[in-house]
């Protein structure tokens, strides 16, 4: 398989720093170097393109084994039936976490540690995230799991790589069902994020809170409660600090649902694949745990399998007062997953400078627009929208700015419209309010940011 470069406007599938971004796995090369992999490689009709049968668990497991050894210097194996990860996709998640940690959105933890420490929820027998994180980044990890098989094989995989074994701890989780979460999702009213309509077909988006809508819509299915073993609370030890957690949650509610994709065979036990309430209930418990642990982690993250669940989960995060929420997508072949990250740490950068705040202005960042929308198109839409509600709005094409003046009544009208429409507006904005009062306001919308990025949505 040769190098494949992404065409202009094509949806990103691999992180730019991923080893496989420009060099996907070469099955012919791997077959020539690893005799155990060669029997699984065959060629397409023209005889030029090497392939494997993705519905064959043994083939996908052997591919993961040789990729980890050839490209990462890792010794690895899992028994039959355990979940077999795809290395390029899991590497994408690691690099996204790296992006989160290197960003200056929230402050770095000030302590005596000179290393990054992560927590892998449900590391599985494969222990893929700790192994990749330690190998690629030198991160330390705690990987947790509940089953004897997962615990045994995760430890085997760590011990098979003695150069990394000091970086990774495998922690057994008690199967005892925990009591209900001590803190309900609605116990901090008034702390919400600002981006009400994210374009989930374009990664990536950032949502920044708080704001005060009292009309958050109730989503179907949010009442399903997780009643399984502890996830973070009861597993994280008193006083422990982590830079992040990550998770491949059980995506499905039944094994029948898990087996609906006939084109792949990644294995997976019931404990790995299935949870009453599915991923929505499982990640909701992570959110509930994060409310209790709060700043014990800089970033809480999880993979999400369904776009509809992503919207529901973001709403939950508004409810509990997360200071920021970020999303991205992970695409592997025809399978798409989403990444969800949030934090309770105060933002390290104020969205509105203090000298502007004194004038009671608001500063907005537009996000989530389609790539085919040019910056001037967006600014013209901004101008048209505010003019349509009677506000003073003027576009300066030369400076690429729109200046808007809103009366208090016009602000109230906007908030009322948002309430009537259930928050599903066509204006995805991230904002920090300088004041909770809806007095006269001036907005300055700059298009320079729009020239530097392509992941946006129509205003």
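Cβ from N, Cα, C; glycine included.
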1-20, 21-40 - the range that TrEMBL marks as region 'Disordered': 1-20
Number of Cβ atoms other than its own within 10 Å, given for residue 248 (S-adenosyl-L-methionine binding site): 24
Among the S-adenosyl-L-methionine-binding set 90, 122, 145, 248, as the record gives it, the longest Cα-Cα distance in Å: 18
